[in-house]
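Read through the structure below, which is laid out as structure tokens, and then see the notes.
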Amino acid sequence: MSRQVVRSSKFRHVFGQPAKADQCYEDVRVSQNTWDSGFCAVNPKFVALICEASGGGAFLVLPLGKTGRVDKNVPMVCGHTAPVLDIAWCPHNDNVIASGSEDCSVMVWEIPDGGLTLPLREPVVTLEGHTKRVGIVAWHPTAQNVLLSAGCDNVILVWDVGTGVAVLTLGSDVHPDTIYSVDWSRDGALICTSCRDKRVRIIEPRKGTIVAEKDRPHEGTRPVRAVFVSDGKILTTGFSRMSERQVALWDTKHLEEPLSLQELDTSSGVLLPFFDPDTNIVYLCGKGDSSIRYFEITSEAPFLHYLSMFSSKESQRGMGYMPKRGLEVNKCEIARFYKLHERKCEPIAMTVPRKSDLFQEDLYPPTAGPDAALTAEEWLGGRDAGPLLISLKDGYVPPKSRELRVNRGLDTGRKRTTPEASGAPSSDAISRLEEEMRKLQATVQELQKRLDRLEETVQAK
């Protein structure tokens with residue numbers, strides 16, 4: 001009798017554990033917008049989620065530990081004049097978050113340690129360049145202050161947030177229709193996009209050239225998502241001609257046929273992929289689903305291995321994904337999701353069961369830390385670098401707030417209307433400076449006199 005050989009994997013028994021009620025964020029009005037975004041962004045300090053708001057766009061930012069019922073009068077980030085569609089935390093500054101909105105603008109905000117005490121209406125910088133709503137914002141993974149935005153004008157802009165200037169533009173000649181998704185490669189050298197024209201493209205953004213593209217990675221008409229995974233591969237989610245949901249793995253050098261193509265079910269929600277490069281696990285979260293599927297990617301056939309599925313009763317309106325440095329390593333937590341319900345946000349921990357309480361080095365290789373490997377100028381000049389890695393063996397403590405430095409004279413934001421804001425000093429400021437200069441000159445003269453008297457005394461002795 002033949003014996004079936006089961007593939008060995010340390011992630012075969014990963015299981016999901018939803019947080020208890022007192023560890024959730026209750027009574028929040030999650031956005032009803034139909035845009036296919038996660039509507040939630042998390043980091044080791046804060047959880048942010050897009051909310052329903054009257055009179056414009058708003059999103060809520062809470063300190064990670066501030067769980068329980070959220071006060072209905074809690075201060076929010078509310079500078080946009082139309083609904084917010086996407087939010088993303090800066091990977092190199094846990095206090096900085098970017099937002100894209102239907103008002104055609106991108107705004108970058110600085111959140112104080114401890115969270116907001118008053119509504120935040122003035123961004124650090126406003127980035128205006130799109131002519132239609134902005135549905136995607138994505139920070140460069142290794143270069144400081146480099147932010148990408150994609151709008152429904154079919155244009156991708158890459159911004160230097162430090163100057164408020166769009167330094168790169170990929171126009172509608174690259175994407176002739178709506179852009180569904182954009183993902184940076186791990187070193188930030190390339191981006192991967194999916195578009196309504198049913199093509200997935202690999203693009204070198206600094207040159208504006210298409211390195212590779214695949215027409216119809218999935219035969220269906222519903223939106224496709226694409227992300228980079230390990231070893232020069234990309235993973236796509238989409239629909240078959242019969243409207244079955246699919247996941248596929250591709251070698252970017254040979255896009256003729258997929259390395260693996262699997263059909264999942266017939267649900268209609270778009271599958272949002274989240275890839276963990278440390279474990280090579282990809283998690284698929286469908287909007288409107290009540291489950292999270294996860295697969296392991298390997299370097300040998302069949303390449304994409306189904307692991308398991310976490311299921312719950314209520315469907316999800318969105319999902320946030322915690323960076324690895326925000327996990328509890330002493331509990332063997334390898335991923336944590338923040339599931340948006342209609343009126344709450346629920347953390348879900350993905351855990352590998354282990355008997356030992358010691359640090360599990362095989363689960364936690366060195367991971368991307370909070371420091372940038374490059375400046376914006378270095379990356380724009382052609383340099384590439386992988387993320388600067390840190391060890392989680394002794395845990396991770398988020399650093400104190402880092403100031404986001406912006407050259408305000410180049411900021412194109414709407415609030416730069418006063419002379420002080422535009423960089424030109426007022427007459428009052430000039431008068432104060434002149435008075436301080438006179439005082440300094442008088443002090444220097446007095447010190448010089450004292451020094452002369454001291455020298456005369458020394459010479460007399």
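The chain as shown is numbered from 1 upward.
Using N, Cα and C of the backbone, Cβ positions are placed for all residues, glycine too.
Residue ranges 404-429, 430-455 are listed, and Swiss-Prot annotates 404-429 among them as region 'Disordered'.
Through the fold, the repeat 'WD 4' (164-204) approaches residues 36, 125-127, 129, 135-136, 138, 140-143, 146, 148, 150-158, 210-217, 223-228, 234, 236, 252, 277, 374, 376, 379-380, 384-387, 406-407, 410-413 of its own chain, all at least 6 residues removed from its boundaries and within a Cβ separation under 8 Å.
Residues 9, 11, 14, 16, 36, 38, 186, 217, 222-223, 225, 227-230, 233, 235, 237, 240, 243-251, 302-319, 321, 324, 334-335, 337, 348, 350, 363-365, 367 of the same chain, all 6+ positions outside the repeat 'WD 6' (258-296), place their C-beta atoms under 8 angstroms from a C-beta of that stretch. In terms of DSSP helix, strand and coil, the repeat 'WD 4' (164-204) has 0 helix, 23 strand, 18 coil.
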